[in-house]
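Peer 1: Annotations for this protein, taken from TrEMBL, read as follows:
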TRANSMEM  A:12-41  transmembrane segment
TRANSMEM  A:53-76  transmembrane segment
TRANSMEM  A:82-102  transmembrane segment
TRANSMEM  A:109-127  transmembrane segment
TRANSMEM  A:158-175  transmembrane segment
TRANSMEM  A:246-271  transmembrane segment
TRANSMEM  A:283-303  transmembrane segment
Amino acid sequence: MRLDKTEISLGLVALACVLFGFVSPGWLIFLLTIALAKALVVQGVVMQMRSGLVSFGQGLFYCIGGYTVGMGGQFFGIHDAIAALSLGMFVAIVVAMLLGLLLTRYREIFFAMLSLAFSMILFGILVKSQELGSTDGFNVHDWTLFGWAPEAGAGSQHTVFTMTVVSGLIVAVLIHRYTKAGIGVICEAVRENEVRVEYLGLSPRWLLYGNYVAAAAVSALGGGLTALATGHVDPEMAYWTTSGEFVFIALLGGLGHVAAPFIAAIVFSFVRTYAIEFVPHTWQMILGFTLLAVIIFLPKGLWSLVSREKTGERA
Amino acid sequence: MKNNKSKFSKYLVSGVAALALAAGAAGSASAAENGKFRVGIVTFLSGPAAGPFGVPSANAAKVLVEELNKGNLPAPYDKIGINGAEIEAVIIDEAGGATKQVEEYRNLVQRQKVDAVIGYVSSGDCLAIAPVAEELKTFTIAYDCGTPRLFADNPDAQYMFRTGLDASVDNIGAVRYLAATRPDVTRLAGIQQNYSWGQDSWADFTAAASALLPEAEVVEEQFPKIYQGQYGAEISALSVKRPEIVHSSFWGGDMEALVLQANARGLLEDATGLLTCGEASFATYKDQAPNGMIIGARGPFGQFAPDNELNTWFEGVYQNAYDLEPVYPATKMAQAILGLKYAAENAGVADKEIPSAEQLAAAMKGATFESVSGTVEMARGNGHQAMQGITYGEYHYEDGVASIKNAVSFDGECVTPPEGVAAADWIADGFPGAKCN
């Protein structure tokens, strides 16, 4: 397997992150874990944005991932983290394969609203399920990794952090290869002109379908990792504001590069946590102005700061 | 292209390095070794729960911390600050869901280095925080959230305490009030927000009613979604069943909307409203709520707080600062802060010294302390959960003055399940061991 320079640098950054985890304070590790886990969901949003679809319901798969990990441990005795995460991805794939049949027939705002609707249906079902703690949710604990139980506290925090970084790396490399491959480039062609793609003899619908299912799996992985890190899941994960946050981060980062969602998620988390600390009453406004500033000055997201200099032209 | 790629990798590496530096700087900047007692206060500053709960609570915290730092409280809380150390409050917003609250809790403890955390209105947030408090070994007081699962799910809690009462007490108390004042009611109805709080409240209320009001039957129940705001259809559905009592665990804007609409539609003239959180809007009903509507304050708080020296003092300073009487969330916040002060000053450490979380927890466990709501016994949840009585009364508004009439109080032992017994089982067994006055 030959690695290109992006993959090598992603690998190096991931390694640096894992090492950095050993020296940084607990709150920072937690913040980065959540940011990177959410970035995986954002990758799912970005994958679809690249082909011209904006999903306002990615929280559906984020929530499925989280709840599968939680319920696996609580009710079905699946305590192994890898098994639970894989199960979450599997459930998400099955659900996405069903919903995708309907959703890929729609475009633009209709796709956005339908995806949002399915996410809110899951929210409604969870709120009605008192066995699952309704809106209060339930705790996720006692998970193991290949039979080894990390000690509570710093030990398990490091383990989840490392797992998140490794998952992030694997997903990033796969997505990077996908976008560079012919099929990934066609995704952009679908966004630009679907009819022409059809004339080329390809089916945009099945392309979008595959994209949708893959995005669901990646998002479920992010949800599962969030559940392991937080130790709690609640229906808020499927609520539309959560899905909105993923779109926010996607716009913040831009579609320019596979690393953009990770960087945007980290920037978002830092802006939010310091806004809450310094202006507890108006932190939402700071977030709003940040997005506004990015939209006005960097319409292609934070990544255009990098790409602009690269190509020597304004984004 | 090659050149670009290597440039990009430099960016990534320098980005991570910058992050590390920023983190290091932030970490050291806020390490508070200034001899002050830092308390994290977490409550809703935005969203629908901010108006009725969060803002009165944050206001109570601000005024109380200010007065404590001046040493203005009556005995036994006349010592300056907490154990002689000045208090520094770090107030943050509870909005945004459990994942974010866990993140912010870790930030409070590990970045802001608070010595204790007081907060949480939402039950989901309480449940998510409890295991983290144990993990980080941080003394934490839940001041308002009502879920009975807090200590049932965390039976080995060492650092988590709750100075407010759990939600089953509200509804057992409500039924006891009906049994004491209206033993002949036969037709009960309910309208609840469709989420954990409403579902649990209604389950406890109907179970307790079938035990204490055997003649009564439930004629209608409605579960509109939270923050719906318009209850025309639900009010019609309730009205046609001609209930005598309409129970609701609504709060905030939903509750005010319900009272306004149900009153205008005549539902509250034919039936008596019973609002378990009704006191939180005591100051804003004016003549829009019918006389005789039964309201509660989730314990002896707000209007139902007793006339003791502490409460008179607290009402005075709160009124001075905000030109409003404190509602129950404000009283509950004051209770949590006084609980923390009691624990710190009885932890057996020298003057001006800040006790460790273990010392605070040992002093708080099973303690009995004086509060704005009277005497609080940490007598449940293995010494971590407060037990107090509860009072219900009728709202009356005459000549521009709102008041409470026909208030009846029930002792803690009368409305609280014994140690280790779940509320549902206790109610189903017919309240064994209840001691009522």
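The backbone N, Cα and C atoms fix where each Cβ goes, glycine too.
Because TrEMBL annotations are produced automatically, they should be read as predictions rather than curated entries.
Note that the coordinates shown come from a computational prediction; the quantities given were computed from them, not determined experimentally.
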Peer 1: Sort out for me which stretch, of A:53-76, A:82-102, A:158-175, A:246-271, has the most Cβ pairs below 8 angstroms to the transmembrane segment (A:109-127).
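Peer 2: It is A:53-76 that shares the most Cβ pairs under 8 Å with the transmembrane segment (A:109-127).
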Peer 1: Do the transmembrane segment (A:53-76) and the transmembrane segment (A:246-271) come close, with at least three CB pairs under 8 A (pairs 6 or more apart in sequence)?
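Peer 2: The answer is yes, given that the two segments have at least 3 Cβ pairs within the 8 Å cut-off.
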Peer 1: Determine which residues of the chain contact the transmembrane segment (A:158-175) at the Cβ level, with the cut-off under 8 Å and only residues 6 or more beyond its ends counted.
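Peer 2: Same-chain contacts beyond the flanks: 7, 10-11, 14, 17-18, 21-22, 29, 32-33, 36-37, 39-40, 43, 47, 81, 85, 145, 150, 218, 221, 225, 228-229, 258-259, 262.
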